[in-house]
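**Q** The structure under discussion is supplied below as structure tokens; questions concerning it will follow.
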Amino acid sequence: MALRFEVLGRFNRARAARLTLPHFVSQTPLFMPVGTQGTIKGLTTNQLEEIGCQIILGNTYHLALRPTSELIDELGGLHKFMNWPRAMLTDSGGFQMVSLLHLADITEKGVTFQSPVDGKPMLLTPEESIQIQNRIGADIIMALDDVVKTTITGPRIEEAMYRTLRWIDRCIAAHKKPNEQNLFGIVQGGLDPVLRDICVRGLVERNLPGYAIGGLAGGEDKDSFWRVVAQCTALLPEDKPRYVMGVGYPLDIVVCSALGADLYDCVYPTRTARFGTALVPEGVLKLKHKAMAEDTRPIDPTCSCMVCKNYTRAYIHCLVTKDAMGSQLLSYHNLHYMLQLSRDLHSSIIEERFPDFVRGFLQKMFPKGDVPEWVCNAMEVAGIKISSCCAQFSSSHDSGLEKDAPTKKFDDKEIAFDDKYTLINKFDSRSFGDDEVAIDDKYIANQEVF
């Protein structure tokens, strides 16, 4: 095992920890930006260090295709290749089973992909995935799992979960650098609590360095999303890091951290930047909107990033429709926002003010008190009183009198909530394609200016 995970502070399920990896000592909760092919689009590694990035992701599937793991290994590993001195995580390539399913054939042996580069077949087995990741050299490597969309039901979910457990043993056997790289297992099982339970217990028996919760953020309703996270974090070991894969909306990260998760990744902050959208405490700000054309304020007056200190909304509005610099500046700001959120989560837990931080976060994002009911119920399980943030309660409850409760045990049989509360943080939970509009126009922060 090549990591040390030390819990430094707690509030009920939530924890702040120090994660020591071969290349860097990180603080959790932590958002990890995605650099699919060895780069965060539009930003240099110096800029990533500048904004406090601690761990970045690379994609095994794409790096194996180009420039190839053999070349990366020959040139000294991905850290040296991309000039990144801090920690890295590589995924297994399993997610491509979902995102490139029309190019893939899944069997017990592995996954056969049709290369999007040259059309040739490429067999990715658990052994080959680990061998590629050993050559790439990331601090954390992920086991190859059988990934299915959470919206799928029936026997395919059970098949994928049991195959994931069989494949973890093949990954462990193939891993040649356990003293340099940390192999994480991935919990699968769809939205079925019984299958999730079987998978968690099976992985924990293998005593891995860390564990990921996979198969979420793929279109499931938000009530189901948080319940899966709550169930898995309650069962996973206290002394190992817990990573919720594919989660990048700020509200999701706050909720998952309250439920006991530690690590997150998503392309969302940089991808939505390329659509001209900035992350702000109130939600999102669409810089392409015509109201931005003469707005001389910074993106976020409370933000300390280089972009907010030096550029106006009007200037970035001018760029986002015509110049790549616009998306670069917004990517810088959005990642700064996510990493500052990570730091705020960590410090608020350490300083024993986490419930107040959560309430303040929700009050900024939902000033009218329209906090989604799924958030309210997740916070109840997390032992955090948020009635002062909710319109239906605020008139009869004084926030100063609220008392946070010890966390209650998660019950799989708790009732589901009204469908109208399945949307989150003003976005849905699906993954975005590069050609999709990321955010609905009606969800523009600071709507009073329009």
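Cβ atoms are placed via backbone N, Cα and C, with glycine included.
Among the features that TrEMBL reports, active site, proton acceptor is placed at ASP91. Annotated active site, nucleophile per TrEMBL: ASP265, in sequence order. Among the features that TrEMBL reports, substrate binding site is placed at ASP91, SER92, GLY93, GLY94, PHE95, ASP145, GLN188, GLY215. Among the features that TrEMBL reports, Zn(2+) binding site is placed at CYS303, CYS305, CYS308, HIS333. Sequence annotations record features per position, and here TrEMBL assigns domain 'tRNA-guanine(15) transglycosylase-like' to 13-365. Annotation source TrEMBL lists region 'RNA binding' at 246-252, 270-274.
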**Q** Report, in whole Å, the straight Cα-to-Cα distance of ASP265 (active site, nucleophile) from GLY93 (substrate binding site).
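**A** On Cα coordinates alone, these residues lie 15 Å apart.
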**Q** List only the single closest residue to ASP265 (active site, nucleophile), chosen from the recorded positions ASP91, PHE95, GLN188, CYS308 by CA-CA distance.
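**A** Ranked by Cα distance from ASP265 (active site, nucleophile), first place goes to ASP91.
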**Q** Taking helix as H, G and I and strand as E and B in DSSP, count the residues of the region 'RNA binding' (270-274) in helix, strand and coil.
**A** 5 helix, 0 strand, 0 coil
**Q** So of all those recorded positions, ASP91, GLY94, PHE95, ASP145, GLY215, which one's Cα sits nearest to HIS333 (Zn(2+) binding site)?
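**A** Closest recorded candidate to HIS333 (Zn(2+) binding site) by Cα: ASP91.
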**Q** At a 10 Å cut-off from the C-beta of CYS305 (Zn(2+) binding site), count the other C-beta atoms across all protein chains.
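**A** There are 21 of them.
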**Q** Relative to the Cα of GLN188 (substrate binding site), which of the recorded positions ASP91, CYS303, CYS305, CYS308 has the closest Cα?
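**A** Spatially nearest to GLN188 (substrate binding site) by Cα position is ASP91.
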**Q** Give me the sequence-ordered set of same-chain residues, not including CYS303, CYS305, CYS308, HIS333, with a C-beta within 8 angstroms of the centroid of the Zn(2+) site's C-beta atoms.
**A** PRO298, ILE299, ASP300, SER304, MET306, VAL307, LYS309, TYR332, HIS336, TYR337
**Q** Can you break down the region 'RNA binding' (246-252) into helix, strand and coil residue counts using DSSP?
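**A** Helix/strand/coil tally for the region 'RNA binding' (246-252): 3 helix, 0 strand, 4 coil.
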**Q** Which residues of the same chain, at least 6 positions away in sequence, have a Cβ lying under 8 Å from the Cβ of SER92 (substrate binding site)?
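**A** Set apart from SER92 (substrate binding site) by at least 6 residues yet with Cβ under 8 Å, we have THR60, SER129, GLN133, ILE141, MET142, ALA143, LEU144, ASP145, ILE186.
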**Q** Reported as an integer number of Å, what is the Cα distance between GLY215 (substrate binding site) and ASP91 (active site, proton acceptor)?
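**A** Cα-Cα, rounded: 13 Å.
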**Q** Among the binding-site residues listed here (CYS303, CYS305, CYS308), which has the Cα closest to the Cα of ASP91 (active site, proton acceptor)?
**A** CYS305
**Q** Can you tell which of the binding-site residues (CYS303, CYS308) has the fewest other C-beta atoms within 10 angstroms of its C-beta?
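**A** Counting other Cβ atoms within 10 Å of each of the binding-site residues CYS303, CYS308 gives the minimum at CYS303.
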**Q** For ASP91, ASP145, ASP265, listed as recorded positions, tell me which one has the smallest number of other Cβ atoms within 10 Å.
**A** ASP265
**Q** Measuring Cα to Cα, how many Å separate CYS308 (Zn(2+) binding site) from GLY94 (substrate binding site)?
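**A** With distance taken Cα to Cα, GLY94 (substrate binding site) is 38 Å from CYS308 (Zn(2+) binding site).
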**Q** The domain 'tRNA-guanine(15) transglycosylase-like' (13-365): mean pLDDT?
**A** 95
